[in-house]
Amino acid sequence: MSATTTNPAKPRSLNIGRLLLEGRAFFALIAIIAVFSVLSPNYFTLSNLLIMSSQVAIFGILSIGMLLVILNGGIDLSVGSILALSGVVAGAMMQGVEIDAMGVILYPPVWAVVVLTVCVGAAVGAVNGVLVAIFKVPPFVATLGVMYVARGIALLMTNGLTYNNLRGSEALGNTGFNWLGFYRIGGVPISVIVLAVVAIAAGLMLSRSAFGRWLYASGGNERAAELSGVPVKRVKITVYAVSGALAAVAGLVLASQLTSAGPTAGNAYELTAIAAVVIGGAALTGGRGTVRGTMLGAFVIGFLSAGLVIIGVSSYWQTVFTGAVIVLAVLMNSLQYGSGARKT
Amino acid sequence: MSAQVVLAARNVAKSYGQVHALKGVNFDIHRGQVTTLFGENGAGKSTLMKILSGVIQPTSGQIVLDGQPVAFGNANDARDRGISIIHQELSLAPNLSVRDNIFMGREIMGPLGVDYAEEERQTRALMEELEEQIDPATPVEDLRLGQQQIVEIARALSVDSRILIMDEPTSALSASEVEVLFKVIRDLTARGVSIVYISHHLEEALTITDHAVVLRDGVMTAYAPRAEIDLEWIVRNMVGENYDLGSPPDSAKGDVALSIRDLSVPDATGQDLVRGLNLDVRAGEIVCIYGLMGAGRTELLETVAGRLRATGGQIVLEGHEISHLSIGQRIARGLALVPEDRQRDGLVQTMSVGQNLSLASIARFTRGLFTSTRAERDLVDDSIRRVTVKTSGGGAPIGSLSGGNQQKVVIGKMLATNPRAILLDEPSRGIDIGAKAEVFRLLAEGAKNGLAVVYSTSEVSECLSIAHRIIVMHKGRITAEFDSTVSKDRIMAASGESQAA
């Protein structure tokens, strides 16, 4: 059976099966949209699609970072916590940074808050990367630890409370934080545009840059990549740092949408991000996966749960459905990768 | 030689879609004798063995067991009738003990669960029979590869196999381990067990076989008992033409390209695997490093390439000291390594043929931030032509290629970096004669263009082909150095395996 799939000459009927299998996330999305459009007249309207998309954006941004890590053969469990920590860091900066020695309170402008927050996310991600690449801690354990530490720091910073006033004030010159979450350009929410920019940049990087090739190679076979001159450690640290930075971006978007930043935000978001990547056809063993697939995966999850809300299904059932979709996706992944390809 | 036929294939054919892997093969296995299957990669050997052992079913034709036509539903079916196969990659669980591996899936159950004492007793009996001093409680990962092979054999014997199929059992064994294996095979045949043997190591296979069957392109091209054949006969039938691994090219030797000075490499425990080794290779020169397993060849080459760190000494490439550089920087300077294990260290299985070929020279087709698709395609097409990879194109999955072609991809990948010196660790391992000859032709060609070539091998005949100079390594040191006119015996004597020869 294993040899059949490696055989280039295949009967036509198999190709249709193959097409369905490879485009499964796409067909699943079409099916979800079709079913809910029939069930609810409000589902397939432009305004609802945009609202759903802005909700998907947060998971989408997280899952692109997750995709990079998974392509490398790793996993990043800390993104939900980094998201919360970033929100809290941004919130703290919006409240003003008090410098005791000079007796002043600094109110950095919003752009500086954004840049610094993303840097914090990248730094936490880089800690993951260094633990995994240099100290050889298994990714699951390293990011699990960082998950707890980041969440703990976020709780310590706020004493468990939430920053509610993120609007800034005219007088302090730090208004505009809610721009990310509320403004629209040409009717499209900023968060969706951010997602699109991140996705396109990541897609180009993966398919067209040397770094993308390094990433696929080191995820597919790290030893071979290393012997071919790929700086595998640098690649590894970079993907975790990028994942952290994207988690910070998602944290900013979420804080902006809610105009509040709490230390408990983003709980278990890492699992949704992993689910999106897996539904998108990436292999958890590394080396296989695309941004397009991951985006489809994120939209499948987002549109499915939004649709269930719209038709009034209990949120407990949503959890069941989401779980079923994930298992089904992994099942199909093993159909696609399990039997073929491996020939010695 | 007219022993009873126990298992026979009658006009067996197997097709995968349009591809005919086997085209009507007839094949007999005699009781208590060794039948060796010769053929290049892709000739259909493995397919035939899988059919005989029930792993796959033939498209047409018949399997005859003890004169009765049979059809095996699966491998267990065949095993129940006494046919076992030992695959090229061992299928042992390294974390489990020898006993647990042997009874894996067929544990002997007592009233209180698994009867470990009985399993252990049977394991001990099997080991005694095979004359191996292996304790049943030893974890398999602590055994040498040759001993693991023995465990596989013991497992096959524990189900009373009458027919044992061995797919390249010696490819990972040292000369002394091969001796042990051959002794076991002789014992088995003496007890009436029939052996089917597949090997690329022709000389070795000839010492053990009773019958030779040659396959080419899915057809049986020749069949003869041992007494009527020699090495030349096999090769002639395998490749269908005069075969020659080549002779040293008359390339102009330039300055010293690669110079290794007083190099020492430690193992994990801090003991030196390579000790104070000196070697100069000139541009256009081909040097063969011969040695047994554990002689330090792989460690030497990997240290020069940058994978391992040396404790002392210098590596000088064209006058520049490079021992502090990363692997990537060394490749950029013109030093390339083709590793020994192409599956583990050479290929990225998730990528296509083209992406594998271009992996080490990404910088050559990167313009600014992005890679140039066209420049990459040119480089890939060029490489495919240069190293003559048989593939449907750069986009084909790497797993679709035969072993020899995969090896050419690994070599092509490193040649695409335009190296000044290339190191190849056992470049002929697990590839067929035709591919071997082509690999050596590529190396000779490179040397003619001024490339310094170093390759290691554990087959003496490969040393006596294209190498200008032959270095013999033994226990981390160079023990002898010969020119290309040396005899086989002297090389083997210097490597410390005279008794095994």
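Yeah, the Cβs are placed from backbone N, Cα and C, and that goes for glycine too.
TrEMBL entries are annotated by machine, without manual review.
The transmembrane segment feature in TrEMBL is assigned to A:25-44, A:50-70, A:77-97, A:109-133, A:140-161, A:181-206, A:237-256, A:268-287, A:294-313, A:319-338.
The stretches the transmembrane segment (A:25-44) and the transmembrane segment (A:294-313) meet in space: the count of Cβ pairs below 8 angstroms, excluding pairs fewer than 6 apart in sequence, reaches at least three.
Across A:77-97, A:294-313, A:319-338, the stretch most heavily in contact with the transmembrane segment (A:50-70), judged by Cβ pairs under 8 Å, is A:294-313. Across A:181-206, A:237-256, A:268-287, A:319-338, the stretch most heavily in contact with the transmembrane segment (A:294-313), judged by Cβ pairs under 8 Å, is A:268-287. Among the stretches A:109-133, A:140-161, A:268-287, the one making the largest number of Cβ pairs under 8 Å with the transmembrane segment (A:237-256) is A:109-133.
Ranked by the number of CB pairs under 8 Å to the transmembrane segment (A:140-161), the listed stretches A:109-133, A:268-287, A:319-338 are led by A:109-133.
Sequence-distant contacts of the transmembrane segment (A:319-338) (same chain, six or more residues past either end, CB-CB distance under 8 Å): 21-22, 24-25, 28, 275, 278-279, 281-283, 288, 297, 300-301, 304-305, 308.
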